[in-house]
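Please read the structure below before turning to the comments.
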Amino acid sequence: HADGVFTSDFSRLLGQLSAKKYLESLIXXXXXXXXXXXXXXXXXHSDAVFTDNYTRLRKQMAVKKYLNSILNGKR
């Protein structure tokens with residue numbers, strides 16, 4: 001019984017870690033795309049681009065913090 005409980009808990013933990021890695025890779029890929037977009041549009045509307053990218057980054061950071069809190073069992 002103890003082995004089954006350990007295996008179940010360990011499998012759940014591995015699933016959470018996999019989900020966390022996947023979401024972090026999505027966030028990192030979106031941040032890299034935002035940085036590339038900022039470099040391409042450096043001349044035109046730089047203030048608006050900065051504000052938009054900053055807002056996206058803040059939202060991504062908030063999502064990452066929320067997901068980390070859920071995956072780590074805190075709310």
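Every residue, even glycine, has its Cβ placed from backbone N, Cα and C.
In the three-state DSSP classification, Ile27 (isoleucine amide) falls within a helix. According to Swiss-Prot, the feature isoleucine amide maps to Ile27.
What Swiss-Prot lists as asparagine amide is Asn72. In the three-state DSSP scheme, Asn72 (asparagine amide) falls into the coil class.
Of all the modified residues given, namely Ile27, Asn72, the one with the smallest number of surrounding CB atoms inside 10 A is Asn72.
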